[in-house]
Ligand SMILES: C[S@@+](CC[C@H](N)C(=O)[O-])C[C@H]1O[C@@H](n2cnc3c(N)ncnc32)[C@H](O)[C@@H]1O
């Protein structure tokens, strides 16, 4: 939208359609005197750069697409070799439209950016096709649309294969299934100690779970997102950030307490305000002197950045004056006003600010690489860095099913600490604006009720019940799906009040199982754990209801599947399967038809080799099927089937 529109606007042309007109109206509203005065005073950029920064903030943000998973390379090749050439010479309403470009600092060139008006996406045939490709690949989980700078925090986490993958949220877990996933819904500033048996395979005495990596992507005023959140232009005022400083600090301090030795914290905001950024980091470092800021200047060398600030001057709502110290501020107002303004000494740079290495923080400004504004700080414990990881680290076998040990801390010490933090935080919380935090997440003091040691509130989730490994339902899944003896049957759980294997079976790794068994799931507000692998298929007449493996869980189940039980098929079989909902068993060509008739009714797995003639497959295609008495069904969702037929999907390949 931005560049084309800007060009049109400069030439004084009458806007051609509503899209353009809306942009122009919005631009005239992108002004806030308080914002300008405040940030010019903070000197976040040299004076001569200010106008460029401001102009960039007024320009709509490009679309950004990070890619993921194993298909990333082949998808990337498709964008680079097919779509970019097609989109390279597009002219729409006499204006050249630039093709997508790779984000220079994103590893392996796996993230792309493009900047076109919605109207072009809808009406230009070339972009329309590209758009449809993006929509489909997003739906099936191969790409995500995200603001470029929001991709930064995970890149600075340096997550290793043995770390827990807790950054995934529930809705993404369906797209990226992981048995190592746990989602808790808690106030991060008072995150409770999570108990973990010292020997997770045996149970017994517990200690407190410590985390290898913690991302504190904290609630913030969000003024770095003004390019897309236009409402902030109207409402911005310095107390937005002032009021969040306390909560941000408590979240970071709690993370410091929960970090394992050799661990790493990434603190990030999408705010430009030093009160929410450097001031929070400075306070946290001062209260936890065993931590330091990590120099990450060599990481992502193509990312243009500016160092963290070492001086800033907070102000209150009045904006007219900024104050060089807390004491100066206090002299100008009554104590009541100061409390109302939510100012503390920690809002100002500490006297020994130079000792904290704040320039190691990263400031991202919109005009540097056409992104949103962002802030990142990487923190570790001093002395941790060179220590090799203890041999206790969990072993992973590629499926994420096995995690044998984790960092721990004396249970008693940690619980006392967590309790203290909780009481203190609850006392303060009533004075703190908690941004977008849902009410159910508010500390209970703020909700007007306090039930110590329990999740309480509106938390209503079904329990997590692990089935006995010799449960008849699991035994039947193992038998019917031809799973090997190595399948971790003892890690299978169900989610219903009776604890019955009624509908869906989930699987976790050993660590997640140990956590669930050692903690009250209500207290830790456990919202989701593991990943769904099997679901009950109500079969037709004469066939017993049985469990089938879910398509998205196949990568987890395949390592435990007897390879000789996977049925090989050809392109004609694929064509029939995607064309009809319930093709009859006898319409399939040989040898598939014969192989199929030798199989019992129920869940099976079929493989279309990458070398399949008549299809463009980027890898072997392995899919779940369901055989009933008379017909066969491909167990993938309708959209995937439709795109497969239309030849738009990259994931499944295309039938020529
Ligand atoms: C910057 S966003 C994080 C976005 C997230 N990284 C993602 O990719 O979806 C901050 C989030 O913190 C949540 N939040 C606000 N107060 C919180 C608190 N006290 N504890 C935990 N989360 C909180 C907000 O609801 C918001 O979703």
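The backbone N, Cα and C atoms fix where each Cβ goes, glycine too.
If you check TrEMBL, you get these features:
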- 270: active site, nucleophile (ACT_SITE)
- 160, 187, 217: S-adenosyl-L-methionine binding site (BINDING)
- 1-13: compositional bias 'Basic residues' (COMPBIAS)
- 37-382: domain 'SAM-dependent MTase RsmB/NOP-type' (DOMAIN)
- 1-21: region 'Disordered' (REGION)
- 445-465: region 'Disordered' (REGION)
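Where TrEMBL records a feature, it is marked here on the structure.
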| residue | record | Cβ neighbours (10 Å) |
| --- | --- | --- |
| 187 | S-adenosyl-L-methionine binding site | 23 |
| 217 | S-adenosyl-L-methionine binding site | 17 |
| 270 | active site, nucleophile | 23 |
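Rounded to a whole value, the Cα-Cα separation of residue 187 (S-adenosyl-L-methionine binding site) and residue 270 (active site, nucleophile) is 20 Å. Under DSSP, residue 217 (S-adenosyl-L-methionine binding site) is assigned to a strand (E or B) in the three-state scheme. For the domain 'SAM-dependent MTase RsmB/NOP-type' (37-382), the predicted model reports an average pLDDT of 88. Taking the Cα atom of each, residue 270 (active site, nucleophile) and residue 217 (S-adenosyl-L-methionine binding site) are about 9 angstrom apart. In this structure, the residue listed as 'active site, nucleophile' belongs to neither helix nor strand by DSSP; it is coil. Residue 187 (S-adenosyl-L-methionine binding site) falls within neither a helix nor a strand when secondary structure is assigned with DSSP, and so counts as coil.
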